[in-house]
Every structure is written in C-alpha cells, then in structure tokens.
Amino acid sequence: MTHTLVLLRHGESEWNAKNLFTGWVDVDLTEKGRAEAVRGGELMVEAGLLPDIVHTSLQRRAITTAHLSLDVADRHWIPVKRSWRLNERHYGALQGKDKKQTLAEFGEEQFMLWRRSFDTPPPPLDDSSEFSQAGDPRYADLGDELPRTECLKDVIARFLPYWEAEIVPDLQSGRTVLVAAHGNSLRALVKHLDQISDEDIAGLNIPTGMPLVYRLDEDMRPTVAGGEYLDPEAAAAAAAAVANQGR
Ligand SMILES: O=C(O)[C@H](O)COP(=O)(O)O
C-alpha cells in the first residue's frame with residue numbers, strides 16, 4: 001500500500017510580488033496568488049486527488065491557499081491541523097528587505113549563503129523591529145523558543161517532530177494528506193523525504209501554488225524520487241523563476 005501526500009506552497013504573496021524577504025511576516029496573497037491557489041485545487045480534482053485532512057502553518061498565505069484550493073475541490077470541510085512548525089523559515093534581519101538590494105549590498109556569495117545554504121542563518125531580527133513576531137499571540141506558547149532567525153537546518157529540526165507526530169500517522173491511517181506551507185519549510189520536508197545532501201539542497205526551489213504529489217511506501221520513502229508535480233512544465237519554469245529572485 002502507498003500513502004498519498006500532496007505538498008502545496010502558498011500562492012504568490014504580496015511580498016513575493018515586491019521581491020521582499022518575508023519569513024514569519026504574515027502577508028496576504030496577491031490576486032495572482034489567489035488564482036494560483038484555485039488552479040492548484042483544480043489540478044488536484046483533475047488528478048482525482050481529494051485530500052482527507054490538511055495541515056497548514058500559522059501564516060495566512062498558507063491558510064488562505066489551503067482554503068481556496070480545497071474549496072475548488074469541494075473539500076473545504078475536511079479536518080485541519082495548524083502549527084508554527086510548518087511556518088516559512090524565519091529570515092531574521094532580512095525580513096522586509098529587498099532581495100535585489102540585498103544581493104547588490106552584500107554580493108553573490110553572502111546572498112546565497114543566507115538564502116540557500118544549509119546551516120548559515122541571516123543575522124537575528126531585533127524584537128523591536130516592525131517585522132518581529134515577538135509578542136504575536138499565536139506564538140505565545142513558544143516563549144524563548146521563538147526564533148529570531150533560522151537556517152534550513154533549524155527548519156528541519158522544528159519541522160520533523162511535527163512530521164513524525166502528526167502527518168505520518170494521518171498518512172498511515174490511509175488518509176490523503178495535503179500540506180499547505182512555504183518554500184523553505186517544504187524544502188526542509190523534501191530534503192528529508194528524498195534524502196538530499198546538505199550541498200545539493202541549495203539547488204532545490206519550490207514554485208508557488210503548484211501541487212507536488214508524493215506516493216510513499218510503508219517506510220514513508222518516495223516511490224518516485226522528487227515526487228510528481230501535477231503540472232510539471234509550469235512547475236519547472238516557476239521553480240527557475242524562484243531561483244532567480246533578486247537578480
Ligand atoms: O520568505 C520568503 O522570502 C519567501 O517566501 C521565500 O524566499 P526564498 O525563496 O528567497 O527563500
């Protein structure tokens with residue numbers, strides 16, 4: 001028996017459109033992003049993929065994407081679980097900064113280290129910043145665990161406990177699971193699923209609004225490495241655009 005997992009990065013956000021580092025800043029979708037979410041739902045219906053449960057981050061761009069895609073699939077009524085552990089990577093002091101300006105100011109090597117390295121986080125964000133989540137009631141339970149910056153290694157460390165405790169049991173119960181999350185939190189999960197090296201993960205980018213389907217075996221290993229995008233041509237073009245953000 002295989003288990004069906006659908007990964008869906010949120011549709012284009014307002015700060016994706018402005019080319020700003022977003023992280024934990026809770027921005028909304030653009031009209032294009034809303035349309036991407038609807039299209040994602042249509043693709044799931046066309047593929048006969050009807051999620052039985054959905055997991056989202058605590059950020060509205062993922063929550064809204066989940067709702068819009070499920071509404072199209074007439075699955076808006078399924079159970080939902082939400083966790084900060086699915087949030088986008090915290091981008092530290094880069095939150096709110098323009099990607100192009102950051103590249104120009106710090107150069108290619110530093111830009112890529114902060115954006116795509118495995119274990120080099122950006123500088124921490126001060127709690128006094130307008131882009132800080134300190135004091136945000138949805139993270140009250142985190143206390144001192146509230147991140148002020150994260151690298152991908154940090155995201156993996158906080159995502160995998162949720163994957164094992166919440167998502168895997170849903171898959172093992174035979175449910176089709178939708179995970180509506182973010183570019184880097186999904187990169188963290190894909191790295192784990194496909195056993196991608198710390199070096200090779202730098203080259204993986206996940207496009208907005210495009211369902212990525214994994215059929216997993218009893219050991220939760222992909223039967224097809226890298227999963228399968230429901231619209232592979234569009235996904236490849238969009239992933240290349242993500243890679244070139246800032247240029
Ligand atoms: O948080 C952000 O800025 C984006 O959603 C992801 O950005 P990245 O693709 O530059 O990591």
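Glycine too: its Cβ is placed from the backbone N, Cα and C atoms.
Annotated features, as they stand in TrEMBL:
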BINDING   9-16, 22-23, ARG61, 88-91, LYS99, 115-116, 183-184  substrate binding site
ACT_SITE  HIS10  active site, tele-phosphohistidine intermediate
ACT_SITE  GLU88  active site, proton donor/acceptor
SITE      HIS182  site 'Transition state stabilizer'
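Where TrEMBL records a feature, it is marked here on the structure.
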residue : record                             : DSSP (3 states)
ARG9    : substrate binding site             : strand
TRP15   : substrate binding site             : helix
GLY23   : substrate binding site             : coil
GLU88   : active site, proton donor/acceptor : coil
LYS99   : substrate binding site             : helix
HIS182  : site 'Transition state stabilizer' : coil
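Separating the Cα atoms of GLY183 (substrate binding site) and GLU88 (active site, proton donor/acceptor) is a whole-number distance of 7 Å.
With respect to Cβ neighbours within 10 Å, the recorded positions HIS10, ARG89, LYS99, HIS182 differ, and LYS99 shows the lowest count. Of all the recorded positions given, namely ARG9, HIS10, TRP15, GLY23, GLU88, ARG89, those whose Cα is no farther than the 10 Å limit from the Cα of HIS182 (site 'Transition state stabilizer') are ARG9, HIS10, GLY23, GLU88, ARG89.
Proximity to ligand 1 at the level of Cβ atoms, with a cut-off under 6 angstroms, picks out GLY183 from the recorded positions HIS10, GLU12, GLY183. Note: the CA-CA distance between TRP15 (substrate binding site) and GLU88 (active site, proton donor/acceptor) rounds to 13 Å. Between the recorded positions GLU12, GLU88, the minimum number of other C-beta atoms within 10 Å of a residue's C-beta occurs at GLU12. Cα of GLY23 (substrate binding site) to Cα of HIS10 (active site, tele-phosphohistidine intermediate): a distance of 13 Å. Of all the Cβ atoms in the protein chains shown, 21 others lie within 10 Å of the Cβ of GLY183 (substrate binding site).
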